[in-house]
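Summarising the annotation, TrEMBL assigns domain 'Aminoacyl-transfer RNA synthetases class-II family profile' to 1-366. What TrEMBL lists as L-histidine binding site is 80, 81, 82, 107, 123, 127, 276, 280, 281.
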């Protein structure tokens, strides 16, 4: 077979144990946060009916992987976790739930492996579904993003917020026909990747917008700020006259009041350039970006990539319900692959090692013909709930067993030799300090727990 045939498919990759251990650590942090907010875990199938996914993602629908089974049924791999969740709510007639879901999604995209952009990758979603008072669940979703990014300690970040109603109001007063709203959002969504000049060029050259209309849009989408900006737009002569925009600005003002109470408003920016290119958003849209210093000359921080996103999608569930019953929903998705790439790069640069197992103790023997003693002892430890390992050799050298512990980061070694068997004890060795102490065999599990207690 050729070397190329042995590689993973383009846009996917294998993960060795250190990468898996780092990924698991990330997942634990995210899940701990989700559970802290009372979310229940649910799962949906990787495969969905093709018709269910199509026309839900705007221009991005072209990135959906389409399949056909032997019976002729048209299927597709899920593009995200949001649309399947909406289908799940409609199918089960659920009107109130707080959930999280961590699973793989698939996109027929041009991968950029160095930037954490793949065709197969994990998403970590948190959603609140139900009829509630305005902006309370929306504020909680932003609080969750703030908590996760803070706990992961990946650097300075900013959470951008906007509202589709405000954006639609901007388009309306700039003379953009309703038929072009969604395609304009998709173009505007590229502002985090390219300058306004190039976005304007696409609006005029590819989307058929007049240069005057594009310039009017440019006056708004380059605005960003906080409560002061919201107040200015509410009092302004143009945007406040648009009903949808006024509703959106009112809710944005309420959102900032709640975020102030949560103590996170300093990390939030009301950004009119934020569009989110998906069709199903109806209100709040949000995106979290990492920041880094451009240089050491006191210049402003610049964005280095999106690590979370989401928004409100009040109409999506109704598109799957035979009677069109709506269930208001708001949610966020954590870009775990992007965060994983950043942390992996940082750990490589620092030379930090990642433990690939959770083994607490290595069961070792110093002499030959003691395999049965190791097997009996390790079985006792497993039955006691201790995470233990041993070498799969009949008579391994003690030095090799100790070296394995150092290489793998295993903190303790339980050594049982002929003398220990006669005395009814086990020699417990601390790998870091090399200190050894004899422990009565019946007390070994309790001693290991005591030593490893956080």
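For all residues, glycine too, the Cβ spot is worked out from N, Cα and C.
Values in this document were obtained by computation on a predicted structure and should not be read as measured data.
When the binding-site residues 80, 281 are compared by the number of other C-beta atoms lying within 10 angstroms of their own C-beta, 80 comes out lowest. Sequence-distant neighbours of residue 123 (L-histidine binding site) (same chain, 6+ apart, CB under 8 A from its CB) are 80, 81, 101, 102, 103, 104, 105, 333, 334, 335, 336. Applying an 8 A CB threshold to same-chain residues 6+ apart, the list for residue 82 (L-histidine binding site) reads 125, 127, 280, 313, 316, 331, 333. Cβ neighbour count for residue 276 (L-histidine binding site): 23 (other Cβ atoms within 10 Å of its Cβ, all protein chains included). Taking the domain 'Aminoacyl-transfer RNA synthetases class-II family profile' (1-366) as a whole, pLDDT averages 88 in the prediction. Residues 80, 81, 82, 107, 123, 127, 276, 280, 281, recorded as contacting L-histidine, have a largest CA-CA distance of 21 Å.
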